[in-house]
Structure formats: structure tokens, C-alpha cells
Ligand code: C2E
Ligand code: CA
Ligand code: CA
């Protein structure tokens with residue numbers, strides 16, 4: 001035994017083998033974190049990669065150690081056995097990695113794992129030694145051999161324990177991992193050299209692997225270099241890939257967050273104007289209330305609704321309507337201070353929440369806002385058509401406990417000002433709720449009234465000023481309400497216009513008036529023309545001309561037998577369009593009358609273009625005519641203007657004989673009013689009203 005071959009070691013290679021062992025351990029430890037952070041499929045790949053890296057590392061370390069061994073004979077290595085030892089190293093590493101990356105590892109499992117891994121590494125080592133195919137076989141000294149096995153198991157146990165502890169710290173504790181890798185490196189190297197120390201090469205041993213076609217040490221060196229380069233390359237590639245994947249994941253989660261932010265923005269904002277929507281308003285309002293409670297602050301909620309927005313949409317198209325809404329939103333943003341909230345609730349409804357210090361301040365803010373809105377919503381430059389708004393204001397504290405109540409009460413106040421004539425503002429008062437409730441009820445009932453035939457027409461005669469002859473009848477609508485009695489149009493026409501009932505209502509009036517004309521005619525009464533009042537909404541719509549033509553045709557009215565009264569201000573609203581519609585109405589045989597003339601600032605040049613047949617002097621002029629000469633002068637000039645333009649001039653609201661006398665003297669051609677005859681239901685009409693050519697006497701009927 002003593003006279004065996006003397007084994008020496010090349011120190012540089014020993015050092016290299018240690019470094020390789022440490023690097024392999026480090027790589028293996030790093031993969032444990034990756035393995036655990038991956039999904040099941042990636043996990044398997046990381047496990048395989050880790051096992052390969054560590055196995056090759058351990059195996060390389062072993063063969064570098066072998067290269068460090070110098071024996072005084074030629075050495076070689078059997079390729080098959082060499083590869084078998086590599087397989088064992090990989091298998092042992094794989095098992096170890098699998099074990100430490102399990103969720104729960106019991107102590108017993110850890111110990112048995114250490115035994116399996118230690119024995120695996122030892123097996124790799126001794127199989128690797130066997131690759132030299134020494135003849136006679138290597139003799140292992142039992143003590144050293146046992147020590148090497150023990151060291152392998154203890155080292156494996158230590159390595160597993162460290163790896164288990166560090167497994168989830170994939171990104172931190174680099175120093176820790178390096179230290180752990182050092183321990184593992186020492187263990188593996190220690191096992192190797194103990195194993196080498198156990199080996200006794202009897203004198204005269206020859207390495208049969210060197211004689212046959214085994215690998216020479218040079219080739220082995222090359223193999224180790226190639227394999228290690230490959231492993232290193234793979235490791236670098238894998239970690240680069242991993243980093244790439246990580247970056248991609250990071251980018252993905254970035255864009256996910258962005259998408260998420262955009263989605264929440266979408267859910268909380270109005271798409272057209274970019275303003276917060278009702279949802280976000282409610283949120284912010286709740287916060288505001290909380291803040292106001294804590295700090296003892298006041299704030300006002302302004303509920304803004306545009307007047308006549310639907311008309312703009314109908315007349316100019318949705319793109320103009322949308323542009324208008326955007327402009328309103330911009331105005332609100334501009335007027336609002338940094339601490340205010342501006343939101344769009346939908347349609348033409350906006351809300352502004354603003355801090356106020358005293359009750360009166362809310363009104364001032366509302367008025368400033370109204371002015372800014374009118375200024376910014378002019379449809380065209382130098383255009384009179386501006387959109388006004390109605391603003392309802394609720395204040396905190398006082399007008400509501402929570403966000404919902406605040407919005408609802410401001411809405412009620414807005415509704416109230418709408419009813420009171422629009423273009424203004426109202427502070428919420430609890431009594432408004434009832435009135436609004438009443439309006440809602442009335443709206444509902446009006447809808448039903450149309451279906452149930454509760455509407456009736458009363459007729460007011462119009463006579464020729466010269467001979468009191470019947471000139472025509474004006475149809476005035478009334479609502480025979482089951483509970484309220486006879487409801488006058490002032491109370492429901494504006495409502496019908498607002499809630500979209502006016503078109504149906506107007507159609508009914510048209511048809512009923514034409515039908516009545518035909519009845520009178522059949523009865524032998526001579527009514528030259530029946531007058532029907534039109535709403536601006538009807539003139540703006542598309543179906544008026546067809547409705548008029550159809551009603552006249554159905555009831556057999558000749559041209560001129562139907563007069564349509566439009567107010568002067570209505571004619572001024574959209575001049576071009578109005579002229580077009582009136583021209584068409586004239587073409588189907590209707591007469592056109594300009595109602596309430598003198599109140600709408602109709603420009604005279606424009607008047608000349610209007611296809612009108614009649615002017616009706618507003619009754620306020622007639623009433624004031626007798627008191628002030630200024631009004632008499634106005635009436636006189638309107639009469640002369642009508643004559644110049646070849647129009648019939650009708651004076652409304654003639655209540656006294658004096659008024660009649662003055663009008664006749666001025667040359668007014670037709671008269672209408674209580675003094676001439678009150679509006680009456682057909683069945684209440686005195687017979688002589690309808691008699692053809694009544695005597696040219698005083699002719700009062702009411
Ligand atoms: P208007 O077209 O100016 O109708 C004349 C109004 O003056 C009628 O009120 C009539 O009763 C009233 N009146 C007549 N003579 C005198 C008088 O001597 N003195 C005074 N103080 N008043 C007199 P009414 O029937 O309450 O109608 C009010 C308004 O309702 C009408 O004003 C008209 O603009 C509107 N209206 C009536 N019927 C209809 C309809 O069928 N469709 C539409 N769109 N509007 C209608
Ligand atoms: Ca009228
Ligand atoms: Ca009138």
C-alpha cells in the first residue's frame with residue numbers, strides 16, 4: 001500500500017475547481033427564487049435549467065480537480081463513464097432543487113434529501129474516478145472514503161438548508177447568497193479532495209482509459225471548457241432572457257395600470273366634455289360635505305340647465321349642439337376656481353360646486369355664471385342667438401344632508417326657474433318641491449288629456465273695422481280639466497313645449513280648427529278664415545307643412561281659409577329657416593299672421609321679406625293707446641307700415657268703444673277683443689256672431 005503512485009496536485013487548478021464550485025452553487029441558489037416565482041410550466045423549465053447548471057458545475061469542478069491530479073503515468077477518461085457521472089451530478093442537483101423549492105419541507109425530508117444529494121454527488125465523484133479505468137483498480141482507504149461520504153452528506157445538507165432559507169429572496173441579499181455559495185463550494189471541494197485522498201493507486205497501475213480510446217487530459221480540459229462555456233453562455237442567456245421577461249412584465253403591468261387608469265377615468269368622466277360625470281360628482285360631493293362639516297364651511301351647488309338646447313340640436317344638428325356643450329363646459333371650467341367642482345350630468349345639465357362664505361354669495365356667483373354663459377354661447381359671431389340657462393342653487397348646510405339630496409334640491413330649484421320663464425336663477429326652498437311635484441302631475445295629466453279628448457277650442461271673432469263684418473275666428477285652446485276646471489293656455493302651452501307634447505297638441509288644434517271651419521261652412525255661416533296659433537317648436541320641426549296641407553285638404557279648406565299666427569319674436573329667431581317654412585306654408589294655401597307685433601323688435605327690412613298677410617298689433621299698445629300719446633303714435637305707425645306693405649292690420653285686445661273709435665280713425669282694418677267678442681266655445685257662441693254680414697252697428701257681443 002505504501003509504495004503506491006505518488007499523487008500531486010496543480011495548485012492553480014485546485015483553485016479553479018473551487019471557483020467553479022462556488023459559481024455553480026451561486027447559480028443554483030439564484031434559480032431557486034426563479035423556480036418559486038414562476039407558474040407551473042415555467043417552473044419545470046427553470047428546475048431543469050437549474051439542475052443542468054448546477055450539475056454541470058459540480059461535475060466540472062470534479063474534473064478540474066481530476067486535471068489538477070498528477071500521476072506519473074499517462075491518464076485518460078472513458079467517455080461513457082464520464083458522461084454517466086455527469087448525468088448523476090445533474091440528477092442529484094435536480095433532486096436537490098426540486099426539494100428546496102417545495103412549499104413545505106419537513107426536517108425528515110430535508111435530512112433524507114441531504115443523504116440522497118450527498119450520496120449522489122459522491123456517486124458522481126467515484127463514478128468519475130472509475131472513468132480512468134485504472135488497472136489494477138483504485139483502492140479506497142475506508143476511513144477517508146467514509147469521511148468523504150459524510151462530508152458530501154453534511155455539505156449537501158448545509159447547502160439545502162441555506163438554499164431553502166434563501167429561496168424566496170430572488171432579488172435581495174446578494175451577499176448572503178454569495179456566502180452560501182461559498183459554503184457549498186467549500187463542501188463540494190472538500191468532499192472531492194477527501195475522496196481523492198481516499199484513493200490509493202497501487203504501484204504499476206496503468207490507466208486503461210488512456211490506452212484505449214478514452215479522453216486524454218487535454219481533451220478532458222477542452223470538454224470542461226466547452227461545457228462550461230456552454231453552461232455559462234446558457235446561464236447568461238437565461239438571465240438576460242429573464243431580465244427581458246421581467247422588463248416585459250414590468251412594461252405590461254405599466255400599460256395595464258395605464259389602461260386601468262384610463263378606464264376609471266372613462267367611468268368617472270363624460271366623454272364629450274371631459275368633465276367629471278354624475279358618479280364622480282357624487283363622490284366628490286360626499287367628500288365636500290365631510291370637509292364642510294369638519295371645517296364649518298359653506299358651499300353652494302349650482303344646477304345648470306341650458307334653455308332651448310333641444311331647439312339648437314333640432315335646428316342646427318347635433319354637431320352644433322355638441323360644440324355648444326363643449327363651449328359651455330369650457331366656460332364653466334374658466335369661471336370655476338381651483339377648489340370648485342364642475343361636472344356634466346348628461347344632456348344639457350351641468351353642475352358646479354363652489355365654496356361660498358355667506359348666503360348672498362351664491363346668487364352673485366350664479367349671476368356671473370349666467371352672464372358668462374350667454375357671452376360664450378353665441379352660435380355665430382355678431383349673432384343674437386345665444387343660449388341662456390336656468391340655474392337652481394342648493395346650499396350646504398341647510399338644503400340637504402347628503403350628495404343625493406343636494407343635487408335633487410338644486411334640480412328642483414332649476415325646474416322652478418324654468419317654469420318661471422327661464423334664463424335666471426333660483427335658490428332652493430322646500431315649498432318648490434310641491435310646485436314641481438304639481439308640474440310633474442300636470443305633465444302627466446296633459447299627456448292623458450290629449451288621449452282622453454279633454455282639450456277644447458274656444459273661438460274669438462275678428463271683425464272688419466269699417467262695417468263690423470265677420471273677418472275671421474281665432475282658435476284658442478283650453479283644457480277641460482276634470483279637477484281644475486277650464487285651464488287656460490298660459491298654464492300649459494309652455495309646459496307642452498318643454499316636455500315635447502306641443503307637436504301633438506298643435507296638430508290636434510290644426511285639425512280641430514279646420515274641422516270646425518267646415519262645420520260652420522256647411523251650416524251656412526260665413527267665416528272667411530280660422531286662425532290657429534303656432535308654437536316655435538312646431539315651426540322648427542319638420543312636419544308642420546305636411547300637417548297643414550293634410551288638415552286643409554281633409555276638411556276642404558280653400559286657400560286663405562286657414563291663418564297661421566306666429567309671434568314676431570319667433571320669426572326673428574332663425575330668419576332664414578322661418579322664411580323658408582313660411583313660404584312653403586303660403587304655397588299650400590295658408591295665410592300668415594304676425595302675432596304680438598311690436599313686442600319682438602322685428603327689423604323692418606326683414607319684415608319686407610317675410611311672406612306674411614297680416615299684422616296683429618299687440619294688445620299692450622292698444623291698452624295704453626288711450627293713456628299716452630306715445631303709444632298712439634306707435635299704433636299709428638304700425639298701421640301705416642302694414643298698409644305700405646299691403647298687409648291686413650289687426651288690433652288685438654280692443655276692450656272699449658273709445659279704443660275702437662281711435663283704431664278706426666287710424667285706418668286699422670280689423671278688430672279683435674272683448675269689446676268685439678270674447679272667446680267662446682262653439683255651442684256658447686251667440687247666433688248673430690256667425691250671421692253673415694252683421695249690421696254695421698255698434699256690434700258688441702260680450
Ligand atoms: P294670443 O295669441 O295673443 O291670444 C289672444 C289672447 O288674448 C287670448 O288669451 C285671449 O283670450 C286674450 N284676449 C282676447 N281679447 C282680449 C281683450 O280684449 N283683453 C284681454 N285682456 N285679453 C284678450 P288666451 O286664450 O288665454 O291665450 C293666451 C295665449 O295662449 C295666446 O295668446 C296664444 O299665444 C296661446 N295659445 C292659445 N291657443 C293656442 C294654441 O292652440 N296653440 C298655441 N301654440 N298657442 C296658443
Ligand atoms: Ca294669437
Ligand atoms: Ca296676440
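A Cβ is built for glycine as well, from the same backbone N, Cα and C atoms used for every other residue.
Panel annotation: around the transmembrane segment (6-29), residues 50, 53-54, 56-58, 60-62, 64-65, 67-72, 93, 96-97, 159, 162-163, 166, 177-178, 180-182, 184-186, 188-189, 192-193, 196, 199, 201, 228, 235 of the same chain, lying at least six beyond its termini, place a Cβ under 8 Å from a Cβ of the stretch. Summarising the annotation, TrEMBL assigns transmembrane segment to 6-29 (among others).
Marked as domain 'MHYT' by TrEMBL: 9-202.
Per TrEMBL, transmembrane segment is recorded for 45-69 (among others).
Per TrEMBL, the feature transmembrane segment maps to 75-98 (among others).
Positions annotated as transmembrane segment by TrEMBL: 110-131 (among others).
Annotated transmembrane segment per TrEMBL: 143-166 (among others), in sequence order.
The transmembrane segment annotation in TrEMBL covers 178-200 (among others).
If you look up TrEMBL, you'll see 220-241 (among others) marked as transmembrane segment.
According to TrEMBL, the feature domain 'GGDEF' maps to 297-430.
Per TrEMBL, the feature domain 'EAL' maps to 439-693.
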Per-state residue totals over the domain 'GGDEF' (297-430) - DSSP helix, strand, coil: 62 helix, 35 strand, 37 coil
Distant-in-sequence neighbours of the transmembrane segment (143-166), which means Cβ under 8 A and at least six residues beyond its ends: 25, 28-29, 32-33, 96-97, 99-100, 105, 110-111, 113-115, 117-122, 125, 173, 176-177, 180, 183-184, 186-188, 190-191, 194-195, 197-198
